[in-house]
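Noted in TrEMBL for the protein shown:
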- A:9-32: transmembrane segment (TRANSMEM)
- A:106-315: domain 'ABC transmembrane type-1' (DOMAIN)
- A:110-130: transmembrane segment (TRANSMEM)
- A:142-166: transmembrane segment (TRANSMEM)
- A:186-205: transmembrane segment (TRANSMEM)
- A:246-267: transmembrane segment (TRANSMEM)
- A:296-318: transmembrane segment (TRANSMEM)
Amino acid sequence: MLRFLVRRVLAAVVILVLISAVTYVLFFALPIDPAQLSCGKSCTPQNIALIHRNLGLDKPVPVQWWDYVSGVFTGRHLPLGNCPAPCLGLSFTNDTPIWSTLMDRFPTTLSLGVGGAAIFLTVGVGLGLLSAWRQGRLTDRIASAVSLLGQSVQIYFIGPLAIFLFADRLGWLDAGHDPDWSSDPVGSLSGVILPCLVMSVIFWSNYSRQTRSLMIEQLSEEHVRTARAKGMGSAYVFFRYALRGAMGPIITIFGIDLGSILGGTVITESTFGLHGLGQLAVSAVLGTDLPMEMGVMLFGATAIVAFNILIDACYAFIDPRIRL
Amino acid sequence: MTTVTTPQPRPEPPAPRGTGDPFLSVRDLRVRFATEDGEVRAVDGLSFDLERGRTLGIVGESGSGKSVTNLAVLGLHDPRGTTVSGRVTLDGQELLGAPRKRLEKLRGAKMSMIFQDSLTALSPYYTVGRQIAEPYRKHTGASRHRARQRAVEMLGRVGIPQPQRRVDDFPHQFSGGMRQRAMIALALVCDPQLLIADEPTTALDVTVQAQILDLLKDLQRQTGTSIVFVTHDLGVVADVCDDVLVMYAGRCVETGTVRDILKTPEHPYSWGLLSSIPRLKAPVDVPLRPIPGSPPSLLDPPPGCPFHPRCAFRDEVAGDRCATERPQLLLTGARGSACHLDGDRKRAIFADRIRPALGRRPEAASPAAAGPEGPDADRTAEPEADRTVADEPAAEPEADQGEGNR
Ligand SMILES: Nc1ncnc2c1ncn2[C@@H]1O[C@H](COP(=O)(O)OP(=O)(O)OP(=O)(O)O)[C@@H](O)[C@H]1O
Ligand code: SF4
Ligand SMILES: [Mg+2]
């Protein structure tokens, strides 16, 4: 297990270094001069040179990149202000450290991602299990129909609809606000329920379809038949043997979907007017705040890589044939 | 109830054939699958009996319905699109159509099954010990600790070294032979009175196969279990079975004692099976492709005798009855075959045309007894076979009774 973790973390570091290099080149070296961007139309060459020096853009690109990466671990003293240890640079718009803004916004995104995933796993896998259990019967068809709902809708379409129905009309749920888990856990929970629900809907059909077919496949496996031949009850066989076999592939699918989950949170944030990483990225792009764009991107990539390692560890935990 | 559940050796051999009620009785079993192409008649009017402590071998080509028969007996067939009819009684208790809960109580306890491929038949997610202990806990109500002890004991009994340690291994940590032993331990953990072994040794090499067969014979001697043994290998049949049922296209075409079937088979299909035994030291796991042509479609079986498209002897039957009239299984006692050829004709054909062409006798082809002799040595077996053939008609005085298909 330890060897696995060390290996995977090292691999992840390599991946992240590559990602940071590519994004750095994309953002700072290729398109337009960031100095030009940050100083606007009426810019004198002197101004540009000053900004270059302030941003460290007068050095060669590899050196800039190296300063950036080492700054993540050591912190940097930039001409425009101090940038403590996990330093991802300072924002073009307000000169504050990127990292502190990220930390500010991250809880919203994490809440949406984790909450939404928990809901779509429960609903999607649950519907799939129900369909497989009652395969070919009415329940199967109803469950498939319910999950199909999710396939044909978009977050930005059902989001406002859900706010109108559940928040404005029925008053059952909060219309959504940014969570602050440490000071107001209950309020935070009620603030993210509706966004999480809405976000989860688009994932239902995939998980219920996959779960259904995985379970049907598992139920015809020989080891499941052996369990029945031992006289184990059908529910026991269904959950202990068939579901056990289907769990690995479901988790694999989940790992592949991490990126889409992040994408889902971005759309959900803007639909519900929440202030998470997605909204941060959008405003950074609109305001051409390059360090912020780069920071969000790196942060998202790191999160996905980290979750992937976690998922692989889960996988090994579930399947004894994989020894780490 | 005269059930024997203790593992003590039985002092008396089982009751002789033909007396008392059979332990397992299958009557006119029909299993049909609804498929997109139509109805598959996988088992079509099969009847057989199995008494306590005896072993019935079921042989037949791939697709003849052996596995479907056994799964239907245990109620393990996929219920969707499957129609099962007929009667299956175990110790007087009707199994077909019995409530699910009742079947679950019987399965793994009174009747159990060994599957062919132990790699896929054991769950990769649980330890071998847990998989063995599970049915024991369910059926006996034993504690977790006691069930684990029982699993260790069973692993020891089937010859797994260091069972105390191996009990916590996962199936993938076992070798193929050990897995098959674990599968047997699993099937036997509750001392079943009926054991169905569906090609339990096909995937194994000759030495392991012989060990496992010995193990089954030992266990049967100790517990008096009745065994249904499905196999492709007539050598194995000769080694372990008391009675044999030859299946073709979902029907029984010939049945009798192992001696009947191997020494004086009466059905042209059985002759084909016998001729298919390799002459030299038999490699294990040779699929039976004995007879030219392939098994008939079960969707649209040929009229008359299902074997007639491949049968070399249909011309011997007058009026082309083979192509029009289905031969009934005519039983004399427990011996009989489903063929229009009359008794004398069959015996004459076998003695004059089939037997001389046979190579090694099946006994010698059994893995335990396989020796290094070449085809020449086979001739020494001939006189004995001659005597058997000569004896046989005298032992068959009764008239044929149509008993097999009702
Ligand atoms: N669920 C099913 N649906 C349709 N046809 C089936 C089904 N199960 C089995 N069959 C068919 O029934 C026939 C008998 O199959 P079965 O598995 O009993 O053969 P077998 O004698 O055990 O062969 P083998 O020696 O290869 O194990 C085959 O033709 C098979 O294709
Ligand atoms: S009934 Fe006719 S076709 Fe069928 S096995 Fe006998 S001789 Fe051959
Ligand atoms: Mg089979």
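We number each residue from 1, going along the chain as drawn.
In case you wondered, yes, glycine gets a Cβ from its N, Cα and C as well.
Please treat TrEMBL annotations as automatic predictions, because they have not gone through curation.
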Same-chain residues near the transmembrane segment (A:186-205), Cβ under 8 Å, at least 6 residues beyond its ends: 108, 111-112, 115-120, 123-124, 127, 146-151, 153-155, 158-159, 162-163, 166-167, 173-180, 257, 260-261, 264-265, 267-269, 271-272, 274
Intrachain residues whose Cβ lies under 8 Å of the transmembrane segment (A:296-318), provided they are six or more past its termini: 1, 4-5, 8-9, 12, 15-16, 19-20, 23, 88, 102, 106, 244, 247-248, 251-252, 254-255, 258-259, 262, 277, 280-281, 284, 324
Cβ-Cβ under 8 Å with the transmembrane segment (A:246-267): same-chain residues at least 6 beyond its ends: 109, 112-113, 116-117, 121, 125, 155-156, 199, 202-203, 206-207, 210-211, 214-215, 217-218, 276-279, 281-282, 300, 303-304, 307-308, 311-312, 314-315, 318-319
